[in-house]
Each structure stands twice: as structure tokens, then as C-alpha cells.
Amino acid sequence: MTTTTTRRRFVQLAACAAALLLAVAASGAAAQGVGSVITQAVFNSMLPNRDNSLCPARGFYTYDAFIAAANSFQAFGTSGGSAELIRRELAAFFGQTSHETTGGTRGSSDQFQWGYCFKEEINKATSPPYYGRGPIQLTGQSNYQAAGNALGLDLVGNPDLVSTNAVVSFKTAIWFWMTAQGNKPSCHDVILGRWTPSSADTAAGRVPGYGVITNIINGGIECGVGQNDANVDRIGYYKRYCDMLGAGYGSNLDCYNQRNFASSS
């Protein structure tokens, strides 16, 4: 074999090796971060009816849209410090957003299998045109303004982006999850055990746990009023996802006895 032939063969082998490494890197990229826990198969199992013909959001909430949105928030579902806390955060996120978008019938055997059935508020009556949209049911002009500012989008001028662009829709939900507002901590910090209640929080019965996330999201209606179906639904979804992902529930799952964050104490 001549030197020229040897050199050519070496170059070919090197090119093949480089291509293989690139292919491996590309395939591995999808499995990094959130995608290493919430795979396509897991996503489908968690939300088995999201594309059901009975669901107005069928075809909207895709796995690829979720991953694209999640990858825009580096700490989301990746920074818990332990595998269990990372899985618990994702279970909590999907637990809350599944309740917000549920098409399930309370008390039915499949009640907690109907998350992501809706992409916008049914009657569109809350703060129109800034009624609830997307996984977290983003509501109110101030939230659309803040989310739009953070994402570099005019959501005040075009609120329908949240119900017509699935990546934007997921981004608004994750933005809300990751962002502290006023006297409310972020849902992200709460579920990872990074929130320390103030004296006012303690006086109001607001304690670390999944329940205070419900308070952050909809405390004015669901918290401090004793046991209620909405809390039960949020907890049921959360427990189902924790079981699927292999995460413990933690403590303080409800907000039955918590005053909401808008209260004076």
C-alpha cells in the first residue's frame, strides 16, 4: 500500500469517526436535561388523552414543543441537586398544569389521565381578552405583559399566541413556574425546598410543600376554604406523576388551611 493510499484511507476513517461522534452527540442531545426524565414515551403515558377527539386541545401540546420550551429555561427540571428532586419538580409542574387543563370527570377511575385537554379557558370570561390560556392558564393583562417582556414577545398585543403557538404556550407556563412575583416565591424554589417562609407566611399557615404552589397559582379561590375538589384534583395528578417518575410526594400537599398571598398576613 502506497503512502498516498494510506493517507487517503486514514482521512476516510477519520471522517467516518467524526461523523459517528456527531451522530452520537446529536442523539444524546435529546436525552439531556428535562428530556432525560420526560422522554416521548413518558410524556405520552402521563398525558394519554391529550389528543383525544373529545379534547379541544388535541394535536396542540406536542412533546417537541415542550422540550423546546423547557430548553429555554436552563434550571427548569435540571437543578434540584438530586435525581429525586428533579423528578419531583417535573411531577409537580405537570400535576398543576394538568389540573389547569383537565378534561377529566371528578370521581371517575381515569380522573387523572385527562391533563392537557384544553388550551384556553372554556367560557373566556376571566379578564378578556387576557383570559386563561396554555398549560398554566395564564390570566390577566399584567401576567401577559410580564410573560411577554420575559420572553421577548408582544403578548398584550397578541394574547392568542399563547393558544396558537405550542412552544410559546409551554414557555409561558414554565416562565410562571420559574418566576417569583410580589410576595409569592417561585413554584420552582418551593418544590426544591429553597423557599423559607417569612413571619407573615407562617402566620398565614403557608408552609413549604406542594400545597403552597396551589396557593401561588390560585390561592384566592382554592386556599383557606377547607377541603375542596380542586385541591384534591391537583394532588391526585401530582401523586400519579410522582409514582410514574419514582419521586416521593413530600409533605404539606394541600392549602386547605392556608390564607392566600393577597391576604394581609
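Heads up, the Cβ atoms here are built off N, Cα and C, so glycines get one too.
Those TrEMBL annotations? Automatic predictions, nothing curated.
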Check your understanding: Of the candidates CYS242, CYS255, which does TrEMBL name as forming a disulfide with CYS223?
Key -> CYS255
Point to revise | CYS117 (disulfide bond) CB neighbourhood, other CB atoms within 10 A | key: 22
**Study point:** Among CYS55, GLU100, CYS117, which are recorded as recorded positions, the nearest neighbour of CYS223 (disulfide bond) by Cα
**Key:** GLU100
Review point. For GLU100 (active site, proton donor), which residues in the same chain are close in space, meaning a Cβ under 8 Å from its Cβ, but six or more apart along the sequence?
Key: GLY132, PRO135, ILE136, GLN137, ILE217
**Study point:** disulfide-bonded residues listed as CYS55, CYS223, CYS255, least Cβ neighbours within 10 Å
**Key:** CYS55
Exercise for review: Provide, as an integer number of angstrom, the distance between the C-alpha atoms of CYS117 (disulfide bond) and CYS255 (disulfide bond).
Suggested key: 25
